[in-house]
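Enquirer: Pulled these features from TrEMBL for this protein:
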type     : residues : note
ACT_SITE : E335     : active site, proton acceptor
BINDING  : T53, G92 : FAD binding site
DOMAIN   : 7-46     : domain 'Acyl-coenzyme A oxidase N-terminal'
DOMAIN   : 189-350  : domain 'Acyl-CoA oxidase C-alpha1'
DOMAIN   : 386-566  : domain 'Acyl-CoA oxidase C-terminal'
Amino acid sequence: MAAALQTLGGGIGITLHWIAFTPTIEQQATEEQKKKWLKLAQDVAIVGAYAQTEMGHGTFVRGLETTATYDPSTQEFVINSPTLTSTKWWPGGLGKTANHATVMAQLYTRGKCYGPHNFMVQIRSLENHQPCPGVTLGDIGPKMESNGNDNGFARFDHVRIPRENMLMKFARVEADGTYVQPPSSKLAYSNMVYLRGTFVMSAAQALASATTIAVRYSCVRRQSEMKPGEPEPQILEYQTQQYKLFPQLAAAYAFWFASWFMTQQHGSITGSMEKGDMSGLAELHALSAGLKSYTTAVTARGIDVCRMACGGHGYSHASGLPALFGGAAALCTAEGENTVMMLQTARYLVKCFAQSQAGKRLTGTVAYLSAVQPSPVAGNRNMSDLGTLVAAFQHRAARMVRHAAMQMQGEMQKGKAREDAWNSCSVLLIKAAEAHVHSFVVRNFAETVQTVEVDESVRAVLTSLCQLYSLYGITEHAGDFLKDGYLTGRDIDAASSHLSAMLARVRPDAVALVDAFDLHDKILRSVLGRYDGRVYEHLYEWAKKSPLNKSEVHESYYKYLQPFLKSNRAKL
Ligand SMILES: CC/C=C\C/C=C\C/C=C\C/C=C\C=C\C(=O)SCCNC(=O)CCNC(=O)[C@H](O)C(C)(C)COP(=O)(O)OP(=O)(O)OC[C@H]1O[C@@H](n2cnc3c(N)ncnc32)[C@H](O)[C@@H]1OP(=O)(O)O
Ligand SMILES: Cc1cc2nc3c(=O)[nH]c(=O)nc-3n(C[C@H](O)[C@H](O)[C@H](O)COP(=O)(O)OP(=O)(O)OC[C@H]3O[C@@H](n4cnc5c(N)ncnc54)[C@H](O)[C@@H]3O)c2cc1C
């Protein structure tokens with residue numbers, strides 16, 4: 001059923017029912033409330049949207065304007081959209097599909113505001129799908145991509161819901177209007193942490209799709225002359241084509257492994273939180289925010305590199321690459337705009353750095369911040385050794401975190417307020433956080449290829465891919481590694497040479513590495529990436545199905561071109 005709805009396309013958006021609405025019930029409803037709604041959601045007996053973002057606020061959740069005011073006389077919450085900008089705007093499925101929504105609203109009881117909380121609101125009749133009384137719904141109009149999804153708007157005109165419709169696993173409002181605090185005010189945000197974690201896998205899968213399409217096509221496409229008189233070579237034989245595609249292929253594997261770690265961490269930390277141990281929440285938030293931001297940004301850029309590497313046919317929707325790019329671009333904005341998310345990671349790093357300065361031993365993904373030597377140890381390094389490469393990335397990140405934090409401390413010592421010092425150092429902070437996440441991805445990639453249960457021939461290929469990913473990162477960000485002399489110019493030259501060698505080493509396995517993603521043609525939806533490689537025949541068939549080809553002479557000729565040509569000829 002869900003698959004059928006999924007393929008319905010135009011106007012039916014059930015993705016958010018699965019990835020946001022249902023998980024919100026799982027994570028924020030009491031056991032009693034789960035009995036009422038969870039099975040209905042899992043069986044798609046109701047269809048839901050996750051309605052948090054408003055026309056005026058998406059990033060700043062504490063600034064949301066929708067209100068949920070408790071009325072003890074009727075034991076109901078009154079949901080209201082007080083302003084135009086409080087209109088819920090963007091939620092997937094909200095426009096035409098969903099008949100329920102979890103609505104994030106400012107909770108008021110006994111005249112006091114307790115901040116954003118989630119409420120279950122029925123928005124359409126289960127009989128005729130008409131909007132419920134007091135609810136105004138609609139689609140927000142065409143977007144860059146994903147136009148099969150009805151991202152919608154919703155307004156609430158004093159809509160009354162039972163007290164029990166507040167999702168009360170963490171915070172509660174008693175019948176008399178007493179507010180009961182949650183263990184942490186940020187638990188209301190827990191589903192966003194979960195969803196950001198899933199975006200890491202979405203990014204990996206998107207980059208895997210794009211590299212599958214581009215690598216396969218680069219084996220079919222022959223172009224130009226590498227040597228006079230010789231047959232046109234596969235374009236994948238050009239080193240520049242390998243330099244475009246193989247770092248993206250390596251990143252797809254790196255992000256795939258990072259998403260494994262993210263999933264494991266989310267499960268372990270939320271398991272501890274179920275037992276009341278909140279100690280891991282800050283690290284989980286910082287890691288999910290940073291990984292979401294980093295992987296989606298690299299993926300969007302990487303998909304466009306793959307698109308360009310396919311020449312003109314890459315620009316055609318037949319390639320599947322423009323749609324992939326549009327989807328990946330959405331991942332950079334949705335579920336926490338990338339800059340804002342990376343700043344959240346930076347906030348955590350600055351805090352950890354201060355703790356390390358005060359003598360605390362750091363653990364988890366920031367442990368390296370206390371272990372890395374501040375003074376660079378220059379020297380001839382073995383730039384093909386994974387341990388050396390991981391250490392270089394950790395040194396770079398530690399140096400940049402220290403630099404940004406010290407810069408901020410300096411600004412405050414000059415008398416700047418903390419918030420002003422933060423803002424004036426935020427570009428440094430973003431770069432430091434990106435370096436931190438990059439070092440995590442490299443370390444996790446290296447640890448995975450060294451421990452994953454595969455036969456040694458596969459481990460050798462994965463190790464080459466990890467070296468390629470790391471060497472590409474060092475050469476692309478050489479200045480960061482040279483700045484304090486930790487790496488020398490000779491090290492960077494060695495890294496470039498090893499990178500060229502890795503491109504040649506990965507070439508024979510490139511098709512096998514993309515086939516290993518096991519992405520069916522029905523998922524790839526790409527003429528260029530077809531498993532059977534019959535690109536040209538299917539490109540022609542695809543073009544013939546273009547709506548413009550329904551008639552030999554298009555109606556626009558008679559309407560516009562013919563009179564225009566006639567009048568021009570008459571003037572000759
Ligand atoms: C190829 C792809 C194919 C297809 C894809 C195509 C289309 C689909 C694409 C996307 C659609 C799918 C889903 C989209 C869903 C959505 O977008 S849902 C809405 C998402 N919205 C957000 O994410 C909002 C982002 N904003 C926030 O999270 C917060 O406002 C904030 C920016 C974090 C700021 O919060 P706040 O002001 O309250 O906090 P701070 O003052 O900054 O920090 C205070 C302390 O709180 C800690 N904190 C913050 N958030 C969390 C959290 N979630 N968990 C735990 N702790 C948190 C923060 O670290 C501070 O701690 P301290 O330093 O110790 O004080
Ligand atoms: C395809 C798609 C699907 C979506 N689905 C849903 C959904 O199902 N449910 C839902 O509730 N929402 C959904 N959203 C909305 C999405 O969550 C928001 O658009 C997103 O959180 C960004 O918020 P914003 O639009 O307010 O951006 P803004 O924050 O207005 O971003 C504009 C600029 O301001 C900058 N900025 C903002 N705050 C800061 C800061 N503190 N420091 C530095 N710079 C800052 C940003 O970096 C950015 O450059 C969806 C959006 C898209 C594109």
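Including glycine, each Cβ sits where the backbone N, Cα and C put it.
TrEMBL: automatically predicted annotations, no manual curation.
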Enquirer: Pop the Cα-Cα gap between E335 (active site, proton acceptor) and G92 (FAD binding site) into the table, whole Å please.
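Expert: Counting only the Cα atoms, the answer is 12 Å.
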Enquirer: Write out how many residues of the domain 'Acyl-coenzyme A oxidase N-terminal' (7-46) are helix, how many strand and how many coil, based on DSSP.
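Expert: Output for the domain 'Acyl-coenzyme A oxidase N-terminal' (7-46) reads 28 helix, 0 strand, 12 coil.
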Enquirer: Between E335 (active site, proton acceptor) and T53 (FAD binding site), find the distance joining the two CA atoms and give it rounded to the nearest Å.
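Expert: The Cα atom of E335 (active site, proton acceptor) is 10 Å away from the Cα atom of T53 (FAD binding site).
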Enquirer: With Cβ-Cβ distances below 8 Å as the criterion, list the same-chain residues six or more beyond the ends of the domain 'Acyl-coenzyme A oxidase N-terminal' (7-46) that contact it, or say none.
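Expert: Here the qualifying positions are 1, 91-93, 95-102, 118, 120, 126, 139, 147-151, 164, 167-170, 187-188, 190-191, 194-195, 198, 270.
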Enquirer: Considering the recorded positions T53, E335, which residue's Cβ sits among the greatest number of other Cβ atoms within 10 Å?
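Expert: That would be E335, with the most Cβ atoms nearby.
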Enquirer: Kindly state the mean pLDDT of the domain 'Acyl-coenzyme A oxidase N-terminal' (7-46) in the predicted structure.
Expert: 88
